[in-house]
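Heads up, the thing below is written out as structure tokens.
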Amino acid sequence: MELVVKSVSPETLKTATLVVTINESRVLIGAAQLVDIKSGGAISAVLERGDLAGKSGQTLLLTNLQNIKAERVLLVGIGKDGELSDRQLKKIAGSVLSSLKGLGGSDAVIALDDLSVKNRDTYGKARLFVEALADGEYVFDRFKTQKAEVRPLKKITLLTDKVSVADVERAANHAQAIATGMALTRDLGNLPPNICHPTYLGEEAKALGKAHKNLKVEIHDEKKLAELGMGSFLAVAQGSAQPPRLIVMNYQGGKKGDKPFVLVGKGITFDTGGISIKPAAGMDEMKFDMCGAASVFGTLRAVLELKLPINVVCILACAENMPSGTATRPGDIVTTMSGQTVEILNTDAEGRLVLCDALTYAERFKPQAVIDIATLTGACVVALGGHTSGLLGNNDALINQLLDAGKLADDRAWQLPLFDEYQEQLDSPFADIANIGGPKGGTITAACFLSRFTKAYEWAHLDIAGTAWLSGGKDKGATGRPVPLLTQYLLDRAGV
């Protein structure tokens, strides 16, 4: 969808639909007031009749108003003036888009200035609104024989004052890039595991590299993984007919020699649990166990769209975890790329086994910071539910930067402790470390495991097990998170 930013009087614009806001006090301001005056009190009349209360999300369509060039005027309730939350703003954007899709017009004009959001400046408000519009546009129907109906809406114009045009344009540019990245993340996550396997992700990475001159792509197969000494990574993949892949995408947007930011994504394209097999109920959703890798893919796509002046390395640790006669057994001991040995007590704690070797591999890039993203633990879902990602790490400044980015992007994370006492739960009588730490503090002990492989750099871990996808029902599917958080973090580092 085309998005345009303008600073003109709303009643003078020729458009299929003009969207104006009404608050609960029903005192007309901004665009609604101008349209009301020009139309001879048409909006005041419907409010006096009680046709619209101004409650958040309510809509009322008016047509053929005199002296108004718009064919339709859509009144949208926004609740109490100045008290909109981020969540309410997104719901209003969804309500507007839903109403517009039900109309026949190919374009619409939205008076953005009249939306006042708590703790948001013009840029922040506009970006969230545009991201919400893009989210409402997303459809995944690749495998449907009857495709979703194509709506006629092709263009949206955002109205603002002259002083704010540059801020709104910047917000729209950032939002559209983030939305593109989220859509790619959702597409990859929603693909079935018989299509989206490690080799497929490697081919997608190659295609992205061919399309961008400043993106170098390397695909390491199982032979190369063995040469690198990635015994832990290979142990996860050895039960599957699908070969593993370590995908490395190196974006050079900054100066040569600038230390890169490294994103490491868990890419288990299907997780049965291996020999420690999962229950059958809900196992289909284990195709989403690669959403960490998918979010890194999507963040890179946003970075490419924005042409950020920084260097970013993306490492995707991709494998399939299957039971078979060649699968890893509980009790097996493997040697990681770092040289540390791991006793595998549970083959369903496989994400950390591929990540530990990928995190060791990241050292060679001499990074400014490393962030790994993984659907790692069910314990994180129990602790934080489906609204907030878990965040742990070894550097307070990095943690705070990510927390701040999450707040600005409305893609929040919450810090959990990484105290030394938890490390003791990973003690093994037979190896340097066990791959599980018992039933208590599972998210923390998983991060403790990873921390053993990140001592050479500043590191943070995002556990997105609760936020990467929605389970069951008509809304089931990948969410695209935490692309907004990660992209905001990189925007902040780039200073744009």
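For all residues, glycine too, the Cβ spot is worked out from N, Cα and C.
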For the Mn(2+) 1 site that Swiss-Prot gives with ASP348, GLU350, which of ASP258, ASP271, ASP427, ASP432 also belongs there?
ASP271
Residue in ASP289, ASP332, ASP372 which Swiss-Prot records at the Mn(2+) 2 site where LYS266, ASP271, GLU350 also bind:
ASP289
Give me the non-local Cβ neighbours of ASP271 (Mn(2+) 2 binding site): same chain, 6+ apart in sequence, Cβ-Cβ under 8 Å, ordered along the sequence.
LYS278, MET286, ASP289, GLU320, ASN321, ASP348, GLU350, GLY351
Measuring Cα to Cα, how many Å separate ARG352 (active site) from LYS266 (Mn(2+) 2 binding site)?
8
Per DSSP, three-state class assigned to LYS266 (Mn(2+) 2 binding site):
strand
Report, as a single number, how many Cβ atoms besides its own are within 10 Å of the Cβ of GLU350 (Mn(2+) 2 binding site).
29
With every protein chain in view, how many other Cβ atoms are within 10 Å of the Cβ of LYS278 (active site)?
14
